[in-house]
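TrEMBL has this to say about the protein:
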- D25, S55: Mg(2+) binding site (BINDING)
- F176, I177, D178, A179, G180, S181, G182, G208, G209, G230, N231: sn-glycerol 1-phosphate binding site (BINDING)
Amino acid sequence: MPSKVSKALNKLVKTQKKGIAWLIDPDKINSDNWNKIAELGNHKNLPDFIFLGGSTYTGIDLNPLVHKIKTLCPTVPIVLFPGSRFQLADEADALLFMSLISGRNPEFLIEQQVEVAERISQSSLEILPTGYLLVNDGEILSVHQQSQTLPLLNTEKQKILQTALAGKLLGMRYIFIDAGSGASSPVSSEIIELVKKRMDQTPLLIGGGLDSLEKIDKTFSAGADLAIIGNAAEKNPDFLVEAIAFKNWLNQRLFIN
Ligand SMILES: CC(C)=CCC/C(C)=C/CC/C(C)=C/CC/C(C)=C/COP(=O)(O)OP(=O)(O)O
Ligand SMILES: O=P(O)(O)OC[C@@H](O)CO
Ligand SMILES: [Mg+2]
């Protein structure tokens, strides 16, 4: 099995560097996004990964989209972040093979995964076993509607820690805590700190509502290894480049110190 993406994620943890993933929603990609991808192809401020997925997308073959992104921006690994089993594409580099462990809906805990296990084990996708937790201040967003689960609250510290640890002990190699796309407040710094302290070498991915450099800074300072940015980049593609430049500056500062 290929290991390019897992190596890159684990390297972030080992070197204490920070990474940024640009989340592209196949349903919403527009001409501004395409222009940005074309620019990225020869830009020094590249995201570490492109995540591809949407909470509601159920439509057509994603391979042509993957192919087009790869042609324009060949050096950035494309990681599938599927809202359902219909969002697979063999031409992507890797797949976040998630189980929604903050919820109790069997469909997203195990059923979706069972349906695709045989297919993906025969593909050349790099499989990233991921415990996926929805955590916010009680806001119900499209991912909650889609998965028919409620988010854990930022105040439910013990429950969130227990859930992340259970995922890790079950062998999930990545923990992704998501406030949900467009969340008005992101995963709290307290939660990120608490979970990060107990993760050892397991990469911690944080996303949802990261729409300012201040929020990204807080997320990284609290211990996130990778920040996922969707809506803010969709609305203002230049924000993505600013966020990446900021992350590069943080990493450089770490190196100098
Ligand atoms: C492993 C396989 C094949 C499927 C996993 C299926 C699971 C467990 C999904 C988790 C629950 C879920 C529905 C996650 C959605 C993740 C996602 C791609 C969010 C992005 O949200 P947007 O589509 O950007 O939100 P908007 O609809 O607001 O744009
Ligand atoms: O669109 P935003 O709010 O950046 O969220 C990204 C992602 O974490 C959602 O699942
Ligand atoms: Mg979206």
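In case you wondered, yes, glycine gets a Cβ from its N, Cα and C as well.
The Cβ of D25 has fewer other Cβ atoms within 10 Å than any other of the binding-site residues D25, D178. Sequence-distant contacts (6 or more apart, same chain, Cβ under 8 Å) of S55 (Mg(2+) binding site) comprise G83, L141, S142, V143, Q146, S147, S181.
Long-range Cβ neighbours of N231 (sn-glycerol 1-phosphate binding site) (same chain, at least 6 residues apart, Cβ-Cβ under 8 Å): S181, G182, G209, D211.
Spacing of G180 (sn-glycerol 1-phosphate binding site) relative to D25 (Mg(2+) binding site) is 13 Å (Cα to Cα, whole number). Neighbour counts of Cβ atoms within 10 Å were compared across the binding-site residues G180, G182; the minimum falls on G182. Within the same chain, the residues at least 6 positions away from F176 (sn-glycerol 1-phosphate binding site) whose Cβ sits under 8 Å from its Cβ are L96, M98, T130, G131, Y132, L133, L205, I206, G207, I228, listed in sequence order. Screening the binding-site residues D25, S55, G180, G182 for a C-beta under 6 A from any atom of ligand 1 leaves D25, S55, G182. Under DSSP, D178 (sn-glycerol 1-phosphate binding site) is assigned to a strand (E or B) in the three-state scheme. Classification of G209 (sn-glycerol 1-phosphate binding site) by DSSP places it in coil, neither helical nor stranded. For ligand 2, the binding-site residues lying close by, meaning a CB under 6 A from one of its atoms, are D178; the full candidate list was D25, S55, F176, D178.
In this entry, sn-glycerol 1-phosphate is bound by F176, I177, D178, A179, G180, S181, G182, G208, G209, G230, N231, whose most widely separated C-alpha atoms sit 17 angstrom apart.
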